[in-house]
């Protein structure tokens, strides 16, 4: 071509291509002008809007793919998208009023029905059978004529269970009656040797009233009470618990990483508090150290002949452990500990969870444990 042919034609780039996004910027601009015609729409508004929508779509697709993989499905279904949104706290708040077509609903199964479905006879008996037995005994005692004396005894025994930590009735109540009021058991799994792992939901302020024999307190080397779990325990236990921790600091000294120390739980419903020095995320062999920490907590509970112990989520305060990694390491360590030990005094292990994201992660990881 000669030079007289004029300028070479350039292919016109779309607004989306110039902005580096996939979603149509021009269409979003038209929608914004159509819906908000009274206001001035800047040129960057639809670009930013397209970028945000694209990021959210990619995030949901990634989480839905993880849900499909965990459920051993090759394709992503609307159900997986619903689970992905429900398991992410921020997405759940953002899309709270959104209905996903053909996504179904989130299961809220009562613990009694869940126990029947899985066939754990021991759990269904402990939950269902005691109330009718007690009522039946009261009715038969009334026929014999001893109404007042026999009706008064069960009331006093119920009140004394949380306080008298040295009696055997407390250990039976923690294992049979569950962790108490304000705690919801979402699901459970029985291991080979009979230990039960239970996902328990509650508010962090109720941790002091949890009826277990041992509560794990993730802390630092100085056994301080500055994190959320420590503050909740101090608030529930009061000055008595604070003095007990001070005595433990003097006698035990600073804890090594993964070391566990046991103290009396003065002012709490539990018998003992197991303080453990958890590692910092990003340090050398932090996952191995966290696994060792959990095993040391279980060994400390077994040394005290405890029958039940409660683990709060280990991404606690300054250690910055990712929730998914911490849940995987926790379940792996507990399963390995009970596989290696031929006999253990522990019968119930509770995972005390406070937010929906942690619950979703533990449900997925428990399902993987079932598959193994």
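Cβ atoms here come from the backbone N, Cα and C positions, even for glycine.
What Swiss-Prot records for 7 (among others) is N6-lactoyllysine, and it gives similarity to another entry as the kind of evidence.
The N6-lactoyllysine feature in Swiss-Prot is assigned to 9 (among others); the stated evidence is similarity to another entry.
What Swiss-Prot records for 115-182 is region 'Disordered'.
Summarising model confidence by region, the domain 'Macro' (184-370) averages a pLDDT of 88. According to Swiss-Prot, the domain 'Macro' annotation covers 184-370.
Taking a C-beta cut-off of under 8 angstroms and a sequence separation of 6 or more, residue 239 (SUMO2 cross-link) has no same-chain neighbours. Positions annotated as SUMO2 cross-link by Swiss-Prot: 239.
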Residue 239 (SUMO2 cross-link): secondary structure state under DSSP, collapsed to three categories:
helix
